[in-house]
Amino acid sequence: MITTPRPPSVHSTTTDADPFTAFLRPPTSETEHERVDRLRREADAKRISDNIDEEIKADRERIRKSKQDIRLLLLGQAESGKSTLQKQFQLLYSPGALDAERLSWRTVIYFNIARPIRRIIEALETTPEGDDDDDFEPGFSVPAAPAGLPSTGDDASLSPSTQSSIDKQVALFRTRLSPLLAAEAQLADRLSGGVNVSGSGKGSVFVRTGWQSRSLGLPFGKGRERTASAGRFSFNGGRGSIDNQRGNELELQLRESDSEEDKLIHEVASILNSCEADIRELWEMPAVKRLRERRRLKLEEWADYFLDNLSRVSNAGYVPTTEDILHARIQTMGVAEHVFDMSVHGRTVRWHLFDVGGARGQRHSWIPYFDDANAIIFLAPVSAFDQYLDEDPRTNRVDDSLQLFKQICSNQLLKRTHLVLFLNKTDVLKSKLAAGVKVNKFITSYGDRANEYDAVVAYFKAHFAQVHRRNNESNRVLFSHLTSVVDTKAMQSIITDVRDSIFRGYLKSAALV
Ligand SMILES: Nc1nc2c(ncn2[C@@H]2O[C@H](COP(=O)(O)OP(=O)(O)OP(=O)(O)O)[C@@H](O)[C@H]2O)c(=O)[nH]1
Ligand SMILES: [Mg+2]
């Protein structure tokens, strides 16, 4: 038998056998000064290394936790109500955040008044009364050739003298309101930060995350918005009411922002204040009403809201109410992320809400958010049956919503995503039907069904349900709601309901129950 010497153990503590230890050992000639210096350097290196370890650990923990977060996408065409729904979430789960940006909404609201005023004046200048409408385009059942709109029974041209007196009046309005018309472009510039977006609708003003700070003249916000869980002020979230103490705090904020730089807002506020009577007179002109009835002038719901509330909005020291903010309109550019911590049935979960831009030119930016989305709320504005896309004036907006919904339902990345449908703007639908607008003039397949609310929503709901059924490989349930997302009271219970159903689905899919 051959005996061999035992190999050195790999765990040997014999330092002489370890070349690294030998290499790191201080030289025998090290002086006391060099020793102190070396120990200091070694301590610094250890501290840096420990910090890196801590950061790696924290990152791992963040990633682990963020995998447990809920990601909710708000999808739908432009003007469908996504950002308004986001504000309702904010009101419920982070009311302070809405308060903190309350004053910045003046820029949007003043813009929401200035632009329709310009459009009214331009329509009065360019459309002689009695000019027939020729813009009817069919909805999802397409007839061979576009048919004309129904006569309102009021299409006889006005006498030349009446027309000329209207022309004179309009010329006077243009002169008197010229400061407001000039301010419109500046407000648009302030909101968009000078960014023009092509291919996403005519003359629209888009805002990116962080526009609020620009509107208050503060430094531009961070790339992805994180909504603060507690704002500077607490606010009761009621419809349009600000209590005294909070009102005082807001006034203070108003004065601070004024003293900082908000000359533009100050100027527009005083223009509105001094032009209020002229704006009102213009808004109430019978010629404007006639143009609207003949569909030669199309103003959206927010124009009605702010012009109807003109005396309050044009008051010196105006502070937007929550209801004003819910009605304010500005187009979203890209994707804005809002983060809320929600406590659901004793468990606190972080929710990420992604509010996307819905115009056609914006939709490509949705896709990176699809693969880790837990839930979608798809908003379809059912009041839009008589409207066409800004981006493509030949496409009926309800038709576009249906096509978009089909793409969402059939998307492979989203096939396991919890799906909620909001048939939105039901309040606007009710007013349109009450004003006698006929659905079958725009959606020919509506036929001779009753032109009444229940029948119309049942018809649209059935179409969306059919699209879902035909594109539902994974047998996913569709949760649908009839909504008016500007209605805070109703939305609170709908949001809670939706939140619970998303949360239940999340618990099941995460196998946490
Ligand atoms: N009356 C009424 N107005 C609504 C409703 N939903 C939204 N609006 C208004 O419609 C306008 C457009 O709503 P937004 O929330 O900005 O639409 P969006 O889907 O975010 O649009 P994009 O950002 O362009 O994609 C705003 O002025 C809202 O106040 C509703 O149910 N009823
Ligand atoms: Mg939006």
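Placement of Cβ uses the backbone N, Cα and C atoms for every residue, glycine included.
Unlike curated records, TrEMBL annotations are generated automatically.
Not measured: the values here are computed from a predicted model.
TrEMBL lists 1-38 (among others) with the feature region 'Disordered'.
Per TrEMBL, the feature compositional bias 'Acidic residues' maps to 128-137.
The annotation region 'Disordered' is assigned in TrEMBL to 128-162 (among others).
Around the Cβ of Thr332 (GTP binding site), the number of neighbouring Cβ atoms within 10 Å comes to 22. In the three-state DSSP reading, Thr332 (GTP binding site) counts as strand. The GTP binding site annotation in TrEMBL covers Leu326, His327, Ala328, Arg329, Ile330, Gln331, Thr332, Asn424, Lys425, Thr426, Asp427.
The Mg(2+) binding site annotation in TrEMBL covers Thr332.
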### Query
When you tally the Cβ atoms that lie within 10 Å of each candidate's Cβ, which of the binding-site residues (Leu326, Ala328) has the highest tally?
Leu326
### Message
For a Cβ distance below 6 Å to any atom of ligand 2, name the binding-site residues from Leu326, Thr332, Asp427 that qualify, or say none.
### Response
Thr332
### Query
Out of Ile330, Lys425, Asp427, which of the binding-site residues has the smallest number of neighbouring Cβ atoms within 10 Å?
Asp427
